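Participant: Sharing a structure with you now.
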Ligand code: 5AD
Ligand code: SF4
């Protein structure tokens, strides 16, 4: 790959370093330079998002910027003038899928010389991926990373007007930028970033390299965003961070996340959720806040990753399985009926049968409401990717199948306990096929499908559960409490 003047390529070694400087909170960094104004006039963009909620929220910013440049959205890739892929790097199979999709765009690029095909998000932060894109996917003409969304107007200008392939990926995180435009995709539920990056460096995980060091937003900026959302009629917000428990540490706010939860709850928005929390620094104060405020939802995503303390140690998770169990018990005692979901990796390098059985045991113990289970995927540049691995893929696959069967049986058991109960549901909307079939989520984050005449998206209604399934509940409307 030949480096071109002006290109800024990613560098994983640089991305690993952490500066001791505090990040600046920039309130005026984003503006649309005069020459970029209206660059999207008469043009359409197609935006695809992969991966986690941080990416979903970034896509809302990308859409906000594009619409400020006068682009119109389209869901039909054939009619797009700009295709933007906001990607995820957490596992290889997700990356392969994206590369496959990008491959399909080659014929579009052949038909349309002025088509802009952009790749951003976590894959753009990886050296090997950028090299692959620049050598084998030469129809991609725009690559930028997770730290410079605010530069999109200039980058687009270079590609669209200057007809250059543009690569700008900063390996070091930048400042916290507060004034970016946003086009929210939901009308009743909103994502609210509270911090960016991750400093945990779990040995299997690429995120600390692709998203940079932990940087918190100022509490007053977050609260003011939540107030505005409430005024705009939003009923639910989800506070977002790779590890929300660390909120405020970089700003010197001790017990930062518990305080933020309390201040957010006092604003009085109907439903508050948060994700993701790390079992290691999940404080008693956080548990007390969830217990104390009715509008903080009794649902916690608490990734365990493995049920074996030795594997947890090699993963760099900083807790033993006994500590996880103690935390789980504390949560269930203080917040009765709380739903807990988890993430689990099977087939970490050299995981023995016995170590895997420990994972089955923690599933038996916690009976998670939901679980996201993955086969370990080596990520270039991470410490685990350098470990020798003696576990054959067939063994990993068999473990995953057993694990899924086990947690599914508990999810069904948990859901069955809802039968006959009346629960509050925030309505997402009627189904496209049948206007009297609605869906929404309970406070404990369970999907409910129910029948009703004339309910509306954004209502909080009461539903009697008539039937439980593994991944959803079915019921009928009881009352329309607003
Ligand atoms: N391989 C498999 N799963 C991974 N995750 C993160 N990195 C990897 C990897 N290299 C999973 C973890 C994490 C979730 C978001 O993705 O379970 O909690
Ligand atoms: Fe990855 Fe661990 Fe950070 Fe989660 S806490 S993003 S698993 S390094």
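Just so you know, glycine gets a Cβ as well, placed from its N, Cα and C.
Curation plays no part in TrEMBL annotations; they are all automatic predictions.
Fair warning: this is a prediction, and the values are worked out from it, not measured in the lab.
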Participant: TrEMBL has 88, 122 down as binding [4Fe-4S] cluster 1; which of 52, 166 does it also list for that site?
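Facilitator: Record source TrEMBL; matching candidate: 52.
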Participant: For the recorded [4Fe-4S] cluster 1 site formed by 52, 88, 122, which further same-chain residues have Cβ atoms within 8 Å of the site's Cβ center?
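Facilitator: What remains near the Cβ centre is 50, 51, 54, 55, 87, 89, 90, 94, 121, 207, 210.
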Participant: Work through the binding-site residues one by one (198, 202, 205) and name whichever has its CA nearest to the CA of residue 88 ([4Fe-4S] cluster 1 binding site).
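Facilitator: Among 198, 202, 205, 205.
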Participant: Cβ neighbours within 10 Å, counted over all protein chains: which one of the binding-site residues 88, 122, 202 has the most?
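Facilitator: The residue with the most neighbouring Cβ atoms within 10 Å is 122.
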Participant: Excluding 198, 202, 205, which residues of the same chain place their Cβ within 8 Å of the centroid of the Cβ atoms of the recorded [4Fe-4S] cluster 2 site?
Facilitator: 200, 201, 204, 206, 207, 208, 242, 316
Participant: Fill in the CA-CA distance, residue 198 ([4Fe-4S] cluster 2 binding site) to residue 122 ([4Fe-4S] cluster 1 binding site), as an integer in Å.
Facilitator: 13
